[in-house]
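Accompanying notes for the structure given below.
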Amino acid sequence: MRLCDTDIERHLDEGKIVIEPRPGIERISGVSVDVLLGNEFRVFRDHTAPYIDLSGPSSEMADAIDRVMSDEIHVPDGEAFYLHPGQLALAVTYESVTLPADIVGWLDGRSSLARLGLMVHVTAHRIDPGWSGRIVLEFYNGGKLPLALRPKMKIGALNFEMLSGVAARPYNKRENAKYKSQQGAVASRINQD
């Protein structure tokens, strides 16, 4: 069952869902909560590795990822990060989100941004039960013009579903959870699979 606005507000009031800083009532509508863009970004450095072998030895994957990913880029409030056509970049939400073991979250991009070519999540839009941390955004500019992205702009919306029961293996209890408590634009850790 997807939570409606009044259920989302109740879960926030009761501390079952935690969003910090807590969004104002104007950002909760129908079935979702608007989330804002954070200040941290990472980009892919072109031509620093010939390829990444996604099924190769984990040490080679880790080395290739380290070569192609930039250090974290901090964009101050009021300034912009420019995402160029065909560019993939990582960023994070401004808010940190914590979910209990019986709720799953879903991140949706904004239609108004998609109509300009911005994909907010390339594929990964599920926020697992037991998740706690900021949400990494996988931006792609499929449009024809560079897009200026500014910290604290509305970037997407979260909605929540109750599970049929409490998850036996929520994210925060899994020993192999690669992105547990992430706070920045964390690069891929596929080498830890």
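Placement of Cβ uses the backbone N, Cα and C atoms for every residue, glycine included.
Positions annotated as active site, proton donor/acceptor by Swiss-Prot: GLU138. Taking a C-beta cut-off of under 8 Å and a sequence gap of six or more, GLU138 (active site, proton donor/acceptor) has these contacts in its own chain: LEU88, LEU90, MET119, VAL120, HIS121, VAL122, THR123, ALA124.
The dCTP binding site annotation in Swiss-Prot covers ARG110, SER111, SER112, LEU113, ALA114, ARG115, ASP128, VAL136, LEU137, GLU138, TYR171, LYS178, GLN182. Long-range Cβ proximity for ARG110 (dCTP binding site), meaning a same-chain Cβ under 8 A and a gap of 6 or more residues, is found for VAL120, LYS154, ILE155, GLY156, ALA157.
Of all the binding-site residues listed (ALA114, LEU137), ALA114 has the fewest other CB atoms within 10 A of its CB.
Among the binding-site residues SER112, ASP128, the residue whose Cβ has the fewest other Cβ atoms within 10 Å is SER112.
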